């Protein structure tokens, strides 16, 4: 087990290192940010001073090593636009994105698991076919389009929910949250639902496939033969067995939810990390873009690492060979 | 479905039957798929014929009249033309803008899929043929690429190279080639174990000839089938990037950019600027998905 954990840890660090090189080269190596930052009327001396201050006069390799050294100390550069550390800027937006992602994940599970069970138990019935057709739409329609339709239906046509922003927030342990105020929750519902839809579809597919497969297994036949009530067979035997892969995939989807929140946050003007990324791209605020990618990668890698280890710990059938797939 | 049998093997076994007829019959027999195929055909035709049938050239600013901005569907312009789907903030006829937008969306979707296919198929073929270190290196890069959400990779790339039709195509190729490489490698590995390849090797044929004349045509089937659905994915990605403002330039709006332009007017009740291009985009994506999915099932290929 220790060897496996160590091996996965080294892999994770290598991935982070590779991402840092690729992103640094992609973002800093192409184009010249100074053209966009310095107004044309500035004198040549001031311009040169600015280039030196930002460290843009050094060779790319040296810039990267400086960046890497600082990154290890938790410093991913200062925002060109705001003049504050990029990491601080992103961390300030983290709670808004996290509450969105958490609510989306819960929605996906609460709606997806029962619907998946329903579809998996009677795959040929009319409601099941409708559910499975719905999952195809949930996967294939663009996220921004679904968000727009939600706004059109619930905000413009029905006038039930607000269209944008985070609403009233309260401070819990120094973190601002919308989850505890009515106004905040009203603002949260539509973006969270929009973010949840593809995940809901995935959940339904997984649970439906798992259920219809589990229903043919010997342990279900045995439970039935023993005279266990059908409800109990599903709740006690089937559900338990299909939840492990469901939990694993849900965990792995956490990263893509964070990434997809950039779209949802743009549609609903939700002040999270994703909106910050898009704004930084518009303003060519390179340190913030790089810092976002590094922090997002750190998050993906950490979550995948935990999920792998948990999966192995939960399911004794998984062999810890350390083979990366 | 027999999971131990690969898509390519099944495609190959179909070769004895009049394959094209069989697949066409399957598409025709399903009312949903037939409807989707007809719709897709109409959309492609509209996109190809856009310069001929569009009432206005939306790229030609001289033909636009700012006086006609944000007119409701069915309004008449100053010079007597009817705007069937209304106009946008620049006074552009939405119907014409959608026809041209469809063109841009399809162009990006098709060319990026072709590009990604070419790179992915080449990488997968090389990995399967040579194995060892080359295979490991290529597949590590593939794993690495597939480990990240596609939208994030494309966003960061476009953030550094700027917007433009060609740049969006590059970004989508970069995102999509890896899945084709994985599929191609798997199909080619199955094919390589077969006797005719062994015969070709023993016959002393050059490796390049074996790869291009034997391995490639016999293992590419499943990859091509999956690529139909991937066109829808490419179009969705392009629309999303353009909606976020990092995709195609404002001078050549795709459906995604048209929707983005209309989004701010949605709340003030001028729904048509965003909703009509939205409907066109969704029809395109759904019809591609339905046709692609039926093709995939007909050929019995497992998706990526």
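Just so it is clear, glycine is given a Cβ too, placed from its N, Cα and C backbone atoms.
Features of the protein shown, as given by TrEMBL:
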- A:94-311: domain 'ABC transmembrane type-1' (DOMAIN)
- A:12-31: transmembrane segment (TRANSMEM)
- A:100-121: transmembrane segment (TRANSMEM)
- A:133-161: transmembrane segment (TRANSMEM)
- A:188-208: transmembrane segment (TRANSMEM)
- A:242-269: transmembrane segment (TRANSMEM)
- A:289-314: transmembrane segment (TRANSMEM)
Contacting positions for the transmembrane segment (A:12-31) when only residues 6+ beyond its ends and CB under 8 Å are counted: 60, 63-64, 67-68, 71, 286, 289-290, 293-294, 297-298, 301-302, 304-305
Long-range environment of the transmembrane segment (A:242-269) - Cβ separation under 8 angstroms, sequence gap at least 6: 97, 100-101, 104-105, 108-109, 113, 143-144, 147-148, 151, 163-165, 190-191, 194-195, 198-199, 202-203, 206-207, 210-211, 214, 275, 277-278, 296, 299-300, 303-304, 306-307, 310-311, 314-315
For the transmembrane segment (A:100-121), sequence-distant contacts whose Cβ falls under 8 Å of one of its Cβ atoms, 6 or more beyond its ends: 127-128, 131-132, 179, 188, 191-193, 195-196, 199-212, 215, 234, 238-239, 246, 250, 253-254, 257-258, 261, 264-265, 270, 272
